Amino acid sequence: MMNYEDAKLRGQAVAILYQIGAIKFGKHILASGEETPLYVDMRLVISSPEVLQTVATLIWRLRPSFNSSLLCGVPYTALTLATSISLKYNIPMVLRRKELQNVDPSDAIKVEGLFTPGQTCLVINDMVSSGKSIIETAVALEENGLVVREALVFLDRRKEACQPLGPQGIKVSSVFTVPTLIKALIAYGKLSSGDLTLANKISEILEIES
């Protein structure tokens, strides 16, 4: 059950994300090719230290008992979130290199940082829709001897939210799903009239589908 402080932080995060234009209503196409009436652009959080720290705190609180020894943010948006968590909670971090250019394939380093094979690494991401980026990151980490069991995300866009990912069965925990984000936006009470109408329509559709 969510405590008062978590509920307050969730409300603050939704309010600021909407105010800075990170939450948008209307037709949008996701990187996965899926069409959505609700778009969340987490790239904007890097320009708002307040919302960055709030989102990072909420993500970290999904796992109050930490038993992984490393963090890795999915390139690129989640790198700032993972860094924020690493600094605040003193958890070592590794970096997955997404592009390898002008390097000898035999010397290509996919994961930067200090680590020992066999260590468990917790993956951090801003959101998950298809799960492809989390799986790719997990594969790179595992190829370097690290163990990946879990990913923490701010928003799980999947219809079957919080279901395990990939053949590894990576557990996914999220601050919001689309239905809970819509409810939080409506509860926020300061949506424009047009956005409120769309939010209510999305809420009705989600209730029918459930």
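Cβ atoms here come from the backbone N, Cα and C positions, even for glycine.
Taken straight from Swiss-Prot:
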- R97, K98, N125, D126, M127, V128, S129, S130, G131, K132, S133: 5-phospho-alpha-D-ribose 1-diphosphate binding site (BINDING)
- S129, R157: orotate binding site (BINDING)
Taking every protein chain shown into account, which of the binding-site residues R97, R157 has the largest tally of Cβ atoms within 10 Å of its Cβ?
R157
Among the binding-site residues N125, S129, which residue has its Cβ surrounded by the fewest other Cβ atoms within 10 Å?
S129
Same chain only, sequence gap of 6 or more: which residues have a CB within under 8 Å of the CB of M127 (5-phospho-alpha-D-ribose 1-diphosphate binding site)?
V40, M42, V153, F154, L155, D156, R157
Those residues of the chain, 6+ apart, with a Cβ under 8 Å from that of S133 (5-phospho-alpha-D-ribose 1-diphosphate binding site):
V74, P75, N125
Other CB atoms within 10 A, centred on G131 (5-phospho-alpha-D-ribose 1-diphosphate binding site)
22
Assigned conformation of M127 (5-phospho-alpha-D-ribose 1-diphosphate binding site) - DSSP reduced to three states
strand
